[in-house]
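Asker: Below you will find the structure I want to go over with you.
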Amino acid sequence: MEIFLAVLVLLALIASSNIINRFVPFIPVPLIQVGLGILVAAFPSGLHISLNPELFFVLFIAPLLFNDGKRTPRDELWKLRAPILLLALGLVFATVIVAGYTIHWMIPSIPLPAAFALAAILSPTDVVAVSALSSRVNMPKGIMRLLEGEGLMNDASGLVAFKFAIAATVTGAFSIAEASFSFVLIAAGGLLTGFILSFFIIRFRYFLRRLGMDDVTMHIILQILTPFVIYLAAEEIGVSGILAVVAGGVTHAIEQDRMEANLAKLQIASSNTWNIILFILNGLVFVILGLQIPDVSTVIFQDEAFNNMQVITYILIITLCLMILRFLWVWLFWAGKWSATKKQNVKKPKLRASMLMTFSGVRGAVTLAGAFSIPFTLADGSPFPERHLIIFLAAGVILCTLILASVLLPLLSEKKDKQIAVDLDTKIQHAKRKLLRSAIKTLREGMNEDNREVSLALINDYRMKLRNIQREPYQFGMRRQEKKIRLHGIKAEQMKLQQLIEEEKIDQQEAYELQERFHELEMLYSNSFKIRFSKVKFLRLLQWLQLWRPNQLVSSGILENEDSYKQIRKKTAEAAVDSIKQHMNDENKQTCHQVIGFYNQVIYRCEHGPSFFQQKDRSFDRKKKELNFQAVQTIRNEIQTLYENGEINRDIAHHLREYINDMEAVLLTNT
């Protein structure tokens, strides 16, 4: 029961962090989550979870890095292979040497091998933290790709260096030749293991499909299990589990690119399932990180052997050392390449870009998990020197780098924000065209003999939307006014429906379907769409996982009586028209007429439209609606991808989500 309650508290903290971020958007979600974790763990009766490093790596790091390997563009990483290797290998080992000697010089009680171990575990940047922080600023695309590539590789190099430094501290023996050979063996073995295991897992899934086992839920479960299987197998063999899951993610991305068209439904369901899993895992990483800090700090602050201000100074000096070393490494490499290419193919080094790279080097959960894996005793049975201090210093550096990135990255990218604001309308139009094209592409890929007619009709609808966007500019003021008037009409319909119930002209049970429909429309036209996982989206996800069928809804309630439905819908639409006319003025007259025209079409369909239950039309409309919801979800995923890749900022993503919610509202209105 305690474990269950702890999980509920953690999930509640994740949800709370996103709610808080809506009110204080200038504070990044990861920092809020760390703060909430600290707050909950600070109370004696609060939540205290001991960090098991092995469990942490397999439960959190494996699926997160697997997903990063899947979604990071392979061609762009290959083009940046030289700088990525220089950061993931060269900078890591430079950090171990420079920071290690600095730590030992500053704190003589920490032996040199242990200082190297601390420097090694501080060398990897946290790809999860980098992605979370960079999404709120306009990070240049090239820098973002470089950071992603670095984050995928330097966890392994840092942990291997940490492992050998710990071994040297525990045993007192170290061989540079043996360490170098082992590093190559562990790294290459991890990559090879990830590729081979992924290949066999993919072949196994193809084999199941050839047997006719195309159940979406089963294949998604196999996908979820994949990173855990790869990581555990690689670690059992003795190679890098981290590099194995990265290689596995890249291999699965290649398989996804080649996936047959009739598996588009699986792609959509898989994408939405992983979005939820990653949302929870990302949040848990930072909340658990915050939960560890009070306990770690208490051990040091209550120990009279340590001066509190002195250990805080140690943290600041180590952080400064890491930042200076990273800046010099990036600047010198950039300047050297610029000079070597005779200033033709490489841009001149810029201070702003170098500073962005420097402060994006956030340390995170991998660092703390590695620090907690330090053994308690040496080979002779004596305590590991300054173990608690090393863990405290690691936690302090994590906090410092996280705060520095949160404060400085938005300032360094402010100029780009202003440039984007100048042509906001143009960028929104461009993004909307890209979204509609992605929906058309999804419909084409998912087309088969069974849905060909429906897919072509829907593709034509999206092409019409695309032409409309290209013809006339988007007017935000008019659009906000239209949303307000439509919301007013929906409320008038709700009031009319309630009146019919009270007058006993309609049974309340029969009116349930329309009440639900009006409620969903009200959510989409109001600010409720800001909540990322709304009821509507949850129903869509269940539908894609084949746990909910829309035809079950059609066959129940008021929709069984076609004439009754038409009469009620006509009366509510007429009430909406009357209410809108009463609130019409010179300022909103044009928009009111537009919305009234929509309601007049509804009234006309109720009076003269074709039979609602004509079998062919019903089947066609149902298939079209299902495909349309899939296309809408594809667009939502594309918005998130554009946002995470830094191609659009928060404001543009907000406008695009409003646009998609309007599309979904139209779908609900016409069903």
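Including glycine, each Cβ sits where the backbone N, Cα and C put it.
In case it helps, Swiss-Prot gives these features for our protein:
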TRANSMEM  7-29  transmembrane segment
TRANSMEM  46-66  transmembrane segment
TRANSMEM  83-103  transmembrane segment
TRANSMEM  110-130  transmembrane segment
TRANSMEM  156-176  transmembrane segment
TRANSMEM  182-202  transmembrane segment
TRANSMEM  228-248  transmembrane segment
TRANSMEM  276-296  transmembrane segment
TRANSMEM  315-335  transmembrane segment
TRANSMEM  364-384  transmembrane segment
TRANSMEM  389-409  transmembrane segment
Asker: Are there at least 3 C-beta pairs under 8 angstroms linking the transmembrane segment (46-66) and the transmembrane segment (315-335), leaving out pairs fewer than 6 apart in sequence?
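Answerer: Between the transmembrane segment (315-335) and the transmembrane segment (46-66), contact is absent.
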Asker: Can you say which of 182-202, 228-248, 389-409 has the most Cβ pairs under 8 Å with the transmembrane segment (276-296)?
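Answerer: Answer is 389-409, with the largest number of Cβ pairs below 8 Å.
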Asker: Hey, which bits of the same chain come close to the transmembrane segment (110-130), Cβ under 8 Å, at least six residues off its ends?
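Answerer: For the transmembrane segment (110-130), the sequence-distant neighbours (Cβ-Cβ under 8 Å, at least 6 residues beyond its ends) are 30, 64-65, 68, 91-92, 95-101, 103-104, 147-148, 150-152, 154-155, 157-159, 161-162, 165-166, 168-169, 174, 282, 285-286, 318, 322, 360-367, 370-371, 374, 384-386, 389-390, 393-394, 397, 402, 405.
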